[in-house]
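Enquirer: One structure follows; several queries about it will come next.
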């Protein structure tokens with residue numbers, strides 16, 4: 001079925017409840033600033049038009065424009081896929097690998113057809129990078145990330161947008177005063193930014209401190225380069241009111 005762009009929470013609720021029926025529903029969370037989302041959009045649209053997916057609903061959700069929906073599923077990074085069936089989350093996937101997405105969708109279709117899926121209810125969902133079903137959790141415990149894998153993941157994250165803020169909570173609901181202040185500074189200077197909620201991923205939270213050689217949060221990255229925490233950003237702006245714009249252009 002063709003991709004449906006979600007414009008508000010009322011439309012989303014209708015399509016995932018009243019109009020859902022027995023259909024499998026794929027939620028694709030994205031933003032306009034994340035480069036990986038641009039390529040995945042084409043893949044998402046192409047797969048939605050395949051005849052074999054005629055009984056699957058594909059919903060495209062801008063995570064920035066639909067913050068209430070993003071917060072409902074605790075989305076902390078994009079691109080992010082969630083596959084649901086009859087109000088139940090079947091699978092989740094964070095990242096921009098088309099092969100993983102296609103494989104995940106096929107698994108869910110087969111699972112629904114066989115009626116043997118193990119699921120989590122939407123009300124109890126903790127939708128976040130690294131959250132899977134119990135079987136997946138066992139695999140993760142056995143296969144911890146190596147330092148090289150962690151650094152590769154962090155490198156992708158700090159480059160996910162030209163300006164990336166690693167904070168506690170979200171811009172609409174910061175979980176600490178320092179994060180709230182830095183969000184305010186970026187908005188005051190009309191800087192468009194991506195964010196990552198470090199409270200949703202303990203691995204990122206702990207390892208980013210080493211990666212940045214900085215012990216506290218929030219942390220601001222511009223063009224993949226660490227700029228500092230709240231105090232450093234304040235000092236930089238006192239010295240140069242156009243610091244943020246200059247850092248973006250460098």
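For all residues, glycine too, the Cβ spot is worked out from N, Cα and C.
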Enquirer: Can you identify, from 113-150, 151-188, 189-226, the stretch that Swiss-Prot calls region 'Disordered'?
Expert: 113-150
Enquirer: Including all protein chains displayed, how many Cβ atoms other than that of residue 176 ([2Fe-2S] cluster binding site) lie within 10 Å of its Cβ?
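Expert: Residue 176 ([2Fe-2S] cluster binding site): 14 neighbouring Cβ atoms within 10 Å.
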